[in-house]
Amino acid sequence: MARDRDIEMNRLSRICSTGDDSTSATHRPATPRSRADSGPHDMRSHLNRLIDSFRRGGDADSTTSTTTNSLPHHTRRGSSSHPPSHTSDDSPKLDKAQDAGYHAYDSIPTPSSRKLFHRGGERHYDLRKATAKTASSLLARKLKSRHLQMIAFGGSIGTGLFVASGKALGKGGPGSVLVAYLIVGVMLWSTMQALGEMAVLFPVAGSFSAYSTRFLDPSWGFAMGWNYTLLWLTALPMEIIAASFTIEYWSPGLPKAVFVTLFLLAIVVINLLGIRGYGEAEFAFAIVKITAIVGFILLGIVINISGTPTSGYIGGKYWENPGAFHNGFKGLCTVFVTAAFTFAGTELVGLASAEAADPRKSLPTAIKQVFWRISIFYIVSLVIVGLLVPYDEPRLLGAASIADASASPFVIAIESAGATILPSIMNGVILISVLSVGNSAVFGSSRSLAALADQGHAPRLFAYIDRRGRPLVAIGFAAGLGLLAYLADFKDNNQVFDWLLAISGLAAIFTWASTCLAHIRLRGVWAKRNRSVDDFAFQAQGGVWGSWVGLAFTTFVMVAQIWVAISPLRPEGAAPLTHGEVAQNFFVNCLALPVVVACYVGHKVWYRTSVVGVDEMDIDTGRRDFDRLGAIRAHEQAERQAWPRWKRFYKLLC
């Protein structure tokens, strides 16, 4: 396995370096200069050639200098095409590219098709080189199957489920919570199936942002990459602030800066241990969270049946009084915001595929288990919460922010039963969960930032990866932004938390929608080139229709969030919001929208990219199984035939 990887990496590096050398070489003078080429007239002609080389015009511009016209199309500024090794008519270079895994366009692009993204602009975006670099990343591949399964199970269980669900319950009631989480759950299941199919086929650095770049539009990939990176860069200080708030449950009044320092150091140290350290830490954190949720579900059933010290059997009485739904349809739409925040991070398992030892075997299992995670750990636990805590509970309504652990409906449900030590245990679980999400924030932001640099979407220094496969510069940058957590001692720390939270909700929805759309385009091109879906090691159980369902649901949830941000819930008799308050509320809830639009439009104007054409789409670079697909499929088929029936059924579900 290691030898195959080294061969693949060396070949990809050779192709990238060939493209770079060829590109730089073509900017040299086409013919040797003579000594007669000197003097003012020669300097003027050189200046004219320099100006011509930056002009717009492409192939249609017949007035450019002979030096500019002698350049191959792919090297001209203003195009966004392919390195020489991929598009040159020179057959040895093409053979080398195919041998390195850049294989198999069903038809080699013609000179006219090489004008992909050329709009007469002045700048160059090399899509093929970006694809090559994400496929040849030096990230360590050490994550095992158990790591991926636990990342999928419990990687994002934190503030969203344990604390923010209380805000959702207070705004919409238990019925709205159930409906909203079911809708977002179906949406996320469809998205994860699509992501799993692509991540197993292309376990490349950057995952979903890289898929947006190569299957949709480089400008959209730029926007999605920075959207997702900012999501996790802001999540780190936000989760550390939430952890410092949780400490107040035991010791109110203590300076938060002390705990911020301890938590930040712990998170940074874990990530500096490398991907294996992150995987082991998340494995341990996930076991704690899963054990706590299963224990809460069992305890909740007992409390519901036996009652509390102040009441007998509870049953479903809180669904009747005060009721199951609160604030009508707008209350339901408000819950969508919290549900999206709660589920954000589930897609991290796709990002981890680039660092999996054997994604073809381990990733399908992790993806399939997302269904059980959604069903058991979210839906069932929130149904129990809705049975034990009414939506008009004063402690829910009195929460200072969604980071206020005292407003956790899980803690309130246990306290209502008269337990003494259990609420402290539950708060301890919340603290561990928050730190776990902070740990995932450094992982997600650093890997996304390094992949952006590989694609030319971020400064090159962020692409640095050391011998142990750690993106150290990106980790250091993420840790530096974690210093914002020291604002926890700021007098208006709740406003700080809200602004850090502003990008989280819609950012995740943008990522999910883009993933579904990329999968739809991949399936379309795959079918057009007469490829068989049997080549997929993992097939999305919903197929391409599942991605259409996921895309439709993400669009609906996004529109609902924007509507609630513009026209939020208001208490009866409250004065209408001023224009300034409406604008502030919109940006607090939907900051990701203007960020994505600004990134997309800015990159589009700068590079003049366009949607990746069907004929030019690369559907082979980054596949680890390309040269030995037949042998792998034969071995897997023989292995499946040897399974007993119970194992076949189990593998279908898990």
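The count begins at 1 with the first shown residue.
Every residue gets a Cβ built from N, Cα and C, even glycine.
What TrEMBL says about this one:
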COMPBIAS  1-11  compositional bias 'Basic and acidic residues'
REGION    1-97  region 'Disordered'
COMPBIAS  15-26  compositional bias 'Polar residues'
COMPBIAS  34-45  compositional bias 'Basic and acidic residues'
COMPBIAS  87-97  compositional bias 'Basic and acidic residues'
DOMAIN    147-610  domain 'Amino acid permease/ SLC12A'
TRANSMEM  148-166  transmembrane segment
TRANSMEM  178-205  transmembrane segment
TRANSMEM  226-247  transmembrane segment
TRANSMEM  253-274  transmembrane segment
TRANSMEM  286-307  transmembrane segment
TRANSMEM  327-349  transmembrane segment
TRANSMEM  370-391  transmembrane segment
TRANSMEM  411-437  transmembrane segment
TRANSMEM  469-487  transmembrane segment
TRANSMEM  499-522  transmembrane segment
TRANSMEM  543-566  transmembrane segment
TRANSMEM  586-607  transmembrane segment
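If you look at the transmembrane segment (178-205) against the transmembrane segment (543-566), you find at least three C-beta pairs under 8 angstroms, all six or more positions apart, and that counts as contact. Contact between the transmembrane segment (226-247) and the transmembrane segment (411-437) is supported by 3 or more Cβ pairs under 8 Å, counting only residues 6 or more apart in sequence. Counting residues 6+ beyond its ends, the transmembrane segment (586-607) has Cβ neighbours under 8 Å at 80, 117, 121, 123-125, 218-220, 222-224, 226-227, 230-231, 337, 457, 498-499, 501-507, 510, 561-562, 564-566, 568 in the same chain. The stretch with the most CB contacts under 8 Å to the transmembrane segment (286-307), chosen from 148-166, 411-437, 469-487, 499-522, is 411-437.
If one looks beyond the transmembrane segment (499-522) by at least 6 residues along the same chain, the residues whose Cβ comes under 8 Å of a Cβ in the stretch are 187-188, 190-191, 194-195, 197-198, 208, 211-212, 215-216, 220, 224, 227-228, 230-231, 234-235, 237-238, 241, 337, 340-341, 343-345, 347, 350, 402, 484, 540, 544, 547-548, 550-551, 554-555, 557-558, 561, 587-593, 595-596, 612, 617, 619.
Beyond its flanks by at least six residues, the transmembrane segment (253-274) meets 140, 142, 236, 240-241, 243-245, 247, 281, 435, 438-439, 441-443, 446, 468-470, 475, 479, 482-483, 485-486, 488-489 of its own chain at Cβ-Cβ distances under 8 Å. Restricting the average to the domain 'Amino acid permease/ SLC12A' (147-610) gives a pLDDT of 87.
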